[in-house]
Amino acid sequence: MKVIEKVEAIKQQEITATENLEQMYSTIEEKNDDINAFVQLDIEKARKTAEDIDKRIKNNEETGKLAGLVIGIKSNINVEDFIISAASPTLKNYYGSYNATVINRILDEDGVIIGLTNMDEFAAGSSTETSMYGPTNNPKAPGHIPGGSSGGSAAAIAANMCDITLGSDTGGSIRNPASHCGVMGFKPTYGMVSRQGLLDLAMSLDQIGPFANDTTGIGLMLNVICGYDPYDTTTINKQPEDFLKDTTNSTLEGQTIGVVKEFMDITDDKITSQINKSIDDMTSLGAEIKELSFEDINLGLPTYYLINYVEFFSATRKYDGRKYGERIEEVCGAEVARRIEIGSYISQKEFSGKYYNKALQARSLIRNEFNELLNDVDVIAGPTVPKLPHKIGEEIETMDMYAYDVLTVLANITGIPASSMNSGLVDNIPVGLQLQAKPEDDHKILSTMSALENN
């Protein structure tokens, strides 16, 4: 049953919100000890919400777009009365005193928030191994990482623990785990979704987005969370369109799909072979394939990390142990410490022009060149991650870990929308097809996903 079909079934009283919740909770109880997707639950509060929805439906009262759907939230998004730790001992006792804008919008539409999902500490990672709660296990490839930093949110969907989850994406943190876990993940255009209430990693790169098992779940959640927010001045001040319409009767007839040569060249051969099958599927559905070249791909990771380091260093200065929590440098893990140290170095006045300003110049160059590529096509398609996920606990060099994001950081640098959906299996492990489009062309990506999903 697709997500939108479940909402209709709940509203038509074919199933109840309470039944849906209890089924999901039973799955969590059965699987979470092994998977560690959820790090915090409030089942009693969720039950009260579900019971209220059922009562209103029974009384023929109006209910919201998400009526009765079970929702999981990444642990760096403020939800009142939950511990918003960002999986770090720095904030292990910090209770959210307010709801992020996206949370209020979910609750206003009768979503049932069941709990918070695991993640890399402060979203600084690509494996969900750096969490103070321990690593998350990949439900689709047991023993392997689920990707990160939103690994718990992806794993929860892959294990059918909830209907939709939210994650945040700084350089691939939604798309990377969506690829490894074989689910759908969507990073909207920068500014399409409010970041108010997000404990951000890098403010100019971060974006909140959904995970689901089908495009109706993605479209439904985008309809709820997208839109202008006066509390976040980076949000786009225009009414977003109905994303659900892009999940029905979608076609690739007359569409031009770009394939970037360099994206394929740096990807493992087995993954490239599988991605080519998805591209062949697009051709059979009526799309024209156009080969593109992006020679500045090697600029992506260094540009991204220079910006990331400086913005992360700035964002973490408030965690000084004075108002709440611990001083971050005294309790954080190795990856967070590394980023703080490098960010501090780059931020020193005598170096700011040498590194950070150069990174901003490179960002403008990348944005301009990538947008030129997108002018000639509707969507760019290619692999989400260039290699398969490693095994949990396997020693891996820092730069090899960073390389997981080489194909995803470009969307954050440029602010464009991007998604990942399952392309197939390589060595019995899911690999994702990444789709990217021009800013505010989120609907083109969702329509392409739907055409592939339904055909």
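The backbone N, Cα and C atoms fix where each Cβ goes, and this holds for glycine too.
Per Swiss-Prot, the features are:
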type     : residues : note
ACT_SITE : Lys74    : active site, charge relay system
ACT_SITE : Ser149   : active site, charge relay system
ACT_SITE : Ser173   : active site, acyl-ester intermediate
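Structural mapping of features recorded in Swiss-Prot.
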residue : record                               : Cβ within 10 Å
Lys74   : active site, charge relay system     : 30
Ser149  : active site, charge relay system     : 34
Ser173  : active site, acyl-ester intermediate : 37
Mapped onto three states, the DSSP assignment of the residue listed as 'active site, acyl-ester intermediate' reads coil
Ser149 (active site, charge relay system) falls, by three-state DSSP, under coil
Whole-Å Cα distance, Ser149 (active site, charge relay system) to Lys74 (active site, charge relay system), is 9
Rounded to a whole number of Å, the separation of the Cα atoms of the residue listed as 'active site, acyl-ester intermediate' and Lys74 (active site, charge relay system) comes to 11
